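As given in TrEMBL:
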type	residues	note
TRANSMEM	7-24	transmembrane segment
TRANSMEM	84-113	transmembrane segment
TRANSMEM	145-164	transmembrane segment
TRANSMEM	171-187	transmembrane segment
TRANSMEM	222-241	transmembrane segment
TRANSMEM	290-308	transmembrane segment
TRANSMEM	315-339	transmembrane segment
TRANSMEM	351-369	transmembrane segment
TRANSMEM	381-400	transmembrane segment
TRANSMEM	612-633	transmembrane segment
Amino acid sequence: MLTTKKIISTIILASIFTNLPLWADPSHFLKRGNDLQEFFWPIILFIKKQILINHTFPLWFNTILSGTPLLPDPQSQLFYPPNILFLFMPIEIAFLINFIIHTVFGGIGFYLAAKAGFRFSRVASLCVAIFTITSPKMAGYFEAGHFGLIEAMAWVPYTMLALLKLFQTKEWRWSILLALSMAGLFYTHTVTFLISAIASAYFFMSYSIIHKKNTIRRAISYLFGAIIGFGLTAIALLPQLDWKNLTTRYLLTEKPQIYPIWNSKIEFLKSVFLPWTTTTGIQGLDTEKWIPLGLSVSSLAILGFILANKKIKLFIILPTAFLLLVALGNSSPLYSIFIQMEWYQLMRVPTRVWFIIVLIAHFLAGSSIDKLLGSRHLKPFIYLLIILSVCESLLLYWTFLAKPAGKREGISSDFYSFIENDKSRYRVFCIDRCIPQLLAVKHDLELVEGYTTVQQINYYQHSWGLVGSYWDYYSLPIPPTGVYKFQKLQPDPKTLGKYNVKYVISPHQLTGKGFTLAKKFDDYFLYINEALQPRASAPITEYSPNFIKIDTSNYHESVLLLAEVYSPGWNAYLNGDEKVEIQESPDRLRVVELKPNIQYVEFKYDPESYKYGRIITFTTLTMLATWFLYYLYQHYY
């Protein structure tokens, strides 16, 4: 008999066992130069340092791109509660604990969605949970350092459970679970949130057609969950909506970049069912091409589909066919149509929808197990398929995780020892991004370059002058890899000087006047910029991510220049109380016009959308806390 205790224990053990390579050699996954190390870790460390050392909650990220908004960045995870772990323990350990917590939490969620939602047997529901935990696709997330996707997958089953329960009961708590799970998805991975939101709407409509009773009540419950979900996310959602038209993301609509590029439909099918037969082999497959379902799980899923009734088959075929056409990318028969659509262009990676296909396969497999285990003759065959499914998934999972880590080339550690002696405020520019963002945060360096999914369009355009080159396409890094790898960049010292750039690092010699060679570190030349200008045209007395104070008591000019990137969320106050407009200079910096006898000017980052979002989210949390206390009182007192 499978008791609740045994089920939870099995899920925990499966989560630990599946990720044995992670526990055996954490550095192989935490330090492989992927998105975890290059993007998420630096942000988490920056937030941790600002909170614990400077006692401020940062909304602006000074380290990269001469300063960039952190608040509206969809991947910053500023308001995701579980990330509080990182404040109280070493980040490496916190990552590992975070991974296991989300894996177990997700596993329990998939069990509940199967058992309480679809009403599978305990064995079938446990199989669904284990299939998801051991899914080779999850190995791809770990290998690529897709931290947000790992977390997001833990929330997906609770969205499914809430939707199913909205049809089965009249209790409002399922609307709240829907809101909480969708908020969890929003804060961890925006694209997964959007895909899940669309999928949940389709699921809701399909289920309403199949089960026609109480449709209005269900619609009200669904809408209530959506409203609560908006309230929970408004603190981040409103700033994101406010900022989105100021970013580079819409460059994708002008010059679409669809990735990965499939050589043929055969390559796609091999990646799904027989990844070891691809030209590159398993470990040579690109992360975004890593989409195996496994032959055994697929066999169980096909059985589940065959045993389903006609209505369910129809509602499975429609989204599955559509998602397959999307995921095929450039090999899709509808690619010429999709590529004209804005949603497809902005998604950029069509295989992001693949997790829905994986879940459909897992629940169909669970359905076949649920229906066929009752047969005495088929029982041994089904158990054999279950064992083969888990073994095959683990083999694929571990093989992909063993993929050799990419090596991140960078400047010698002697550079950091050298530059620590300079206590002035300045920026650094390395032409080929030789300073990892994590080390920049550790050493409190501020960089001109950077790597992130979205940048402000004004800085993107001005970076052409800073870098000394031109490109007109969407790029994660600035400067783009194709620019610094294939060009010997010769930046202009005066343009960099206006941005308070004191040091320029280059793998080749700079020929322009205004750069003085200070030192050489292995293959890198360190130059001092003789055209350096101060960060502000008057002395800075206080400086933090969200707040800058400038002393103007001895400043007699009518215009104050601050060499920080202009962004609409910043506000300026004369003598701390009189609000004045911040203007954008031709160099995309901040300019303020002064009145006579101004002693100081304060710059604060506090967008209006953030103020409204705070009010909405805190009000929603207060209402939920009140409801929860009332619920406890009603049921336990």
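FYI, residue positions are counted from 1 along the chain as it appears here.
In case you wondered, yes, glycine gets a Cβ from its N, Cα and C as well.
Segment contact is absent for the transmembrane segment (381-400) and the transmembrane segment (315-339), given fewer than three CB pairs below 8 angstroms at sequence separation of 6 or more. Just going by CB pairs under 8 A, the stretch in 7-24, 84-113, 315-339, 612-633 that sits most against the transmembrane segment (145-164) is 84-113.
Counting C-beta pairs under 8 angstroms (sequence separation of 6 or more), the transmembrane segment (612-633) fails to reach the transmembrane segment (7-24), with fewer than 3 such pairs. Tertiary neighbourhood of the transmembrane segment (351-369): same-chain residues 110, 114, 118, 120-121, 123-125, 127-128, 131-132, 135, 137, 153, 156, 160, 191-192, 195, 199, 260, 288-289, 291, 293, 297-298, 300-305, 307-308, 316, 319-320, 323-324, 326-327, 329, 382, 386, 389, selected by CB-CB distance under 8 Å and a gap of 6+ residues from either end.
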